[in-house]
Amino acid sequence: MKVIISGCNGKMGRVLVRLIANEKEMEIVAGIDKHKDKFENTFPVYEKACECKEKADVLIDFSHHSAFSDILKYCLDTKTPLVMATTGLTGENLRSLMKASNEIPIFQTGNYSLGVNVITNLAKKAAASLGDDFDIEIIEKHHNQKVDSPSGTAYLIANGINEAFETKKEFVYGRYGKSDKRTSTEIGIHAIRGGTIIGEHTVIFAGPDEIIEIKHTALSKDIFGLGAIKASKFLIKQKNGFYNMNDMLK
Ligand SMILES: NC(=O)C1=CN([C@@H]2O[C@H](COP(=O)(O)OP(=O)(O)OC[C@H]3O[C@@H](n4cnc5c(N)ncnc54)[C@H](OP(=O)(O)O)[C@@H]3O)[C@@H](O)[C@H]2O)C=CC1
Ligand SMILES: O=C(O)C1=N[C@H](C(=O)O)C[C@H](O)C1
């Protein structure tokens, strides 16, 4: 399987290069990154996907949302399946991905780890059982180099929880400046940034006289890279469509 890595010189890009070196049937044919210097002796690196001369069986994107249009255009023009891992995408970006999935297979999730997929489903089940009597708050913690907040995973979990409710809850980000009491129509989302925290997500269900917490802690970035590799192997066998972790793991 020929692979193009977008964001190849970033933290996750480097993790992927290392992990793919152990995959016998995978070969990196090109990289895309603002920084062209690092892997030039191993594979060509382009500043923009539209400059990329190589074709691949899949493009894996761990870069920045500002690269979104360029990446999607390359994949549509060359009919390359896309594994989208970059977070901080806008609603419009996500709608463009959905539309593009009529023409190419697209896999997208805010978190490629198995564990987050499991806690998202657990949180959804908990919300369905607990109903409006329990207040739901999500706390996410990440390293001080992260550029988007809240995390893609916090959105993934919050959207998953909302599937349990007929009347969707409104996301409330922090509570600075609020002068009203909390209502049951909210899901609170809070972002913490510091040091080298790889990723921690806690969902709190706070009810009358009892609290449930569901928590996932990432101990290495490898879990995201391995998940994206697994998603690539899954995606190249699929027809055009929009896929996520639930499709792959069912
Ligand atoms: N879905 C998942 O499971 C996971 C998703 N992520 C997401 O992946 C993304 C990358 O994370 P991470 O590797 O930590 O970030 P990094 O900032 O370390 O890496 C991103 C790389 O892309 C480069 N870049 C930035 N903008 C552009 C652009 N417009 N065109 C080309 N290259 C660009 C960066 O350059 P520069 O440094 O100069 O900005 C950097 O080299 C983030 O959105 C993160 O949230 C991360 C882990 C797991
Ligand atoms: O930027 C990161 O590091 C991570 N980003 C993803 C997110 O925004 O949820 C996934 C993971 O938590 C690490």
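Using N, Cα and C of the backbone, Cβ positions are placed for all residues, glycine too.
The domain 'Dihydrodipicolinate reductase N-terminal' annotation in TrEMBL covers 1-112. Residues or ranges marked as NAD(+) binding site in TrEMBL: G7, C8, N9, G10, K11, M12, A85, T86, T87, T109, G110, N111, Y112. Taken from TrEMBL, the feature NADP(+) binding site covers K36. TrEMBL lists 115-249 with the feature domain 'Dihydrodipicolinate reductase C-terminal'. Per TrEMBL, the feature active site, proton donor/acceptor maps to H142. The annotation (S)-2,3,4,5-tetrahydrodipicolinate binding site is assigned in TrEMBL to H143, G152, T153. Summarising the annotation, TrEMBL assigns active site, proton donor to K146.
All features noted in TrEMBL, drawn onto the structure.
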{"residue": "G7", "record": "NAD(+) binding site", "DSSP class": "coil"}
{"residue": "K36", "record": "NADP(+) binding site", "DSSP class": "coil"}
{"residue": "T87", "record": "NAD(+) binding site", "DSSP class": "coil"}
{"residue": "G110", "record": "NAD(+) binding site", "DSSP class": "coil"}
{"residue": "H142", "record": "active site, proton donor/acceptor", "DSSP class": "strand"}
{"residue": "G152", "record": "(S)-2,3,4,5-tetrahydrodipicolinate binding site", "DSSP class": "helix"}
Determine the minimum-neighbour residue: among H142, H143, listed as recorded positions, which Cβ has the fewest other Cβ atoms within 10 angstroms?
H143
Near ligand 1, which of the recorded positions K36, H142, H143, T153 are found, taking a Cβ distance under 6 A to any of its atoms?
none
CA pair T87 (NAD(+) binding site) / K36 (NADP(+) binding site), Å rounded to integer, equals 22
So how many other Cβ atoms are close to Y112 (NAD(+) binding site), meaning within 10 Å of its Cβ?
25
Distance check against A85 (NAD(+) binding site) for the recorded positions K36, H142, H143, K146, G152, keeping those with Cα within 10 Å:
G152
H143, G152, T153 excluded, remaining Cβ within 8 Å of their centroid ((S)-2,3,4,5-tetrahydrodipicolinate):
T87, G110, N111, E140, H142, K146, D148, S151, A154, G199
Between C-alpha atoms, which of these recorded positions comes nearest to G7 (NAD(+) binding site): K36, H142, G152?
K36
For the domain 'Dihydrodipicolinate reductase N-terminal' (1-112), what is the mean per-residue pLDDT, to the nearest integer?
95
Just to be sure I understand: of K36, H142, H143, G152, T153, which recorded positions have a C-alpha no more than 10 angstroms from the C-alpha of G110 (NAD(+) binding site)?
G152, T153
Below 8 Å Cβ to Cβ and six or more residues apart, same chain only. Which residues does that give for K36 (NADP(+) binding site)?
N9, V45, Y46, E47
By a simple count, how many Cβ atoms lie within 10 Å of the Cβ of T153 ((S)-2,3,4,5-tetrahydrodipicolinate binding site), its own Cβ left out?
25
Can you list which of the recorded positions G7, K146, G152 have their Cβ under 6 Å from some atom of ligand 2?
K146, G152
Of all the recorded positions given, namely H142, K146, T153, which is spatially nearest to Y112 (NAD(+) binding site) at the Cα level?
T153
